[in-house]
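A.B. asks: Sharing a structure below in structure tokens format, with a few things to ask.
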Amino acid sequence: MAYSKACYKLTTITILLLSFTLPSLAGNAENADVSECKAESGDLSCHNNKEAQKLKIIAIPSILVASMIGVSLPLFSRSIPALGPDREMSVIVKTLASGVILATGFMHVLPDSFDDLTSKCLPEDPWQKFPFATFITMISALLVLMIESFAMCAYARRTSKREGEVVPLENGSNSVDTQNDIQTLENGSSYVEKQEKVNEDKTSELLRNKVIAQILELGIVVHSVVIGLAMGASDNKCTVQSLIAALCFHQLFEGMGLGGSILQAQFKSKTNWTMVFFFSVTTPFGIVLGMAIQKIYDETSPTALIVVGVLNACSAGLLIYMALVNLLAHEFFGPKIQGNIKLHVLGYVATFTGAAGMSLMAKWA
């Protein structure tokens with residue numbers, strides 16, 4: 001558990017350092033054509049702050065409830081026999097949710113990062129001459145791989161140290177003194193070795209699931225705050241209106257994916273509901289924050305574009321890596337699906353369905 005907490009903190013610090021360091025590159029961006037930036041804002045007839053504020057007030061509880069339902073459903077699945085961890089339906093639900101998370105990274109977060117970091121509000125050099133969005137996404141994915149591998153390495157070292165310790169026999173001695181002791185050890189050694197191997201594999205898998213759940217939540221939370229902030233700061237009633245339904249579905253399905261990861265991690269009840277709480281409130285919090293700073297927040301300012309673009313790129317790297325490596329690959333190359341061709345096909349159908357549904361949402365959110 002200590003290693004998963006360390007991974008969570010290290011990833012958070014890395015993203016924060018990136019987002020506060022890179023804005024310094026915007027020093028020359030103030031020379032960008034402001035009028036050209038403002039021209040990107042869209043239909044002026046939709047700009048009605050009073051109407052937009054009313055819609056935002058409706059959006060906050062709606063998105064909060066949708067988020068809570070989505071992330072909580074998998075946690076209650078233990079009481080539903082058909083959704084038990086050993087049932088086929090559980091695998092289908094997990095692959096569906098994994099497809100949703102993959103599409104979130106590719107179809108929602110990464111394009112937003114491209115839009116921000118290639119905006120005409122930023123100077124051509126260096127922002128138009130180097131693909132910062134994909135570069136940061138790649139670095140983010142590699143950092144997640146590095147953190148996860150170091151965590152597992154640290155766990156393996158700790159386990160090997162424990163195995164090297166001398167365990168006293170029942171008589172208190174550290175050595176085998178009698179023929180009876182030798183016979184007892186020979187008869188029981190095979191069973192003990194197998195049992196220790198099973199326990200070690202289970203513990204290692206559990207640690208891996210904890211790391212996955214925490215890093216996945218981090219990527220989703222960063223993205224959710226950014227979405228909420230943009231919505232809260234907007235005075236475009238047309239944009240806000242279309243976002244309400246889209247974000248409700250977005251948070252519902254994304255929450256199901258996160259909830260499945262939290263369930264597999266087998267956290268304590270307090271940790272489960274803490275993670276549920278943070279996922280549920282991040283988008284509404286972002287909306288409230290955006291409303292509070294609406295008068296001073298300029299989404300076309302160089303600093304805002306770079307900070308939001310970097311955060312989106314980092315989040316995209318986290319989500320894409322997690323969906324492909326830790327969720328889909330783990331599921332499809334596991335013995336449960338590999339030994340069942342029908343489940344194999346259904347798993348892919350569910351994955352493509354989840355990805356297609358979330359991709360369709362990209363039209364509105």
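Heads up, the Cβ atoms here are built off N, Cα and C, so glycines get one too.
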A.B. asks: Compare the membrane side that Swiss-Prot records for Thr203 with the one it records for Asn272, and say whether they match.
C.D. replies: yes
A.B. asks: Any chance the transmembrane segment (243-263) and the transmembrane segment (305-325) are in contact, meaning at least three CB pairs closer than 8 A with a sequence separation of 6+?
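C.D. replies: Taking Cβ pairs at least 6 residues apart, the transmembrane segment (305-325) and the transmembrane segment (243-263) are not in contact, as fewer than 3 fall under 8 Å.
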A.B. asks: Determine which residues of the chain contact the topological domain 'Cytoplasmic' (326-344) at the Cβ level, with the cut-off under 8 Å and only residues 6 or more beyond its ends counted.
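C.D. replies: The answer is 88, 91-92, 94-95, 97-99, 101-102, 148, 208, 212, 216, 257, 261, 351.
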A.B. asks: Honestly, do the transmembrane segment (305-325) and the transmembrane segment (57-77) touch, with at least three Cβ pairs under 8 Å and pairs 6 or more apart in sequence?
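C.D. replies: Checked: the transmembrane segment (305-325) vs the transmembrane segment (57-77), no contact.
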A.B. asks: Sort out the residues at least 6 away from either end of the topological domain 'Cytoplasmic' (264-272), same chain, that have Cβ-Cβ distances under 8 Å to it, and list them.
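C.D. replies: Residues 75, 85, 206, 209-210, 212-214 contact the topological domain 'Cytoplasmic' (264-272) from elsewhere in the chain.
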A.B. asks: Can at least 3 Cβ pairs under 8 A be found between the transmembrane segment (273-293) and the transmembrane segment (91-111), with each pair 6 or more apart in sequence?
C.D. replies: no
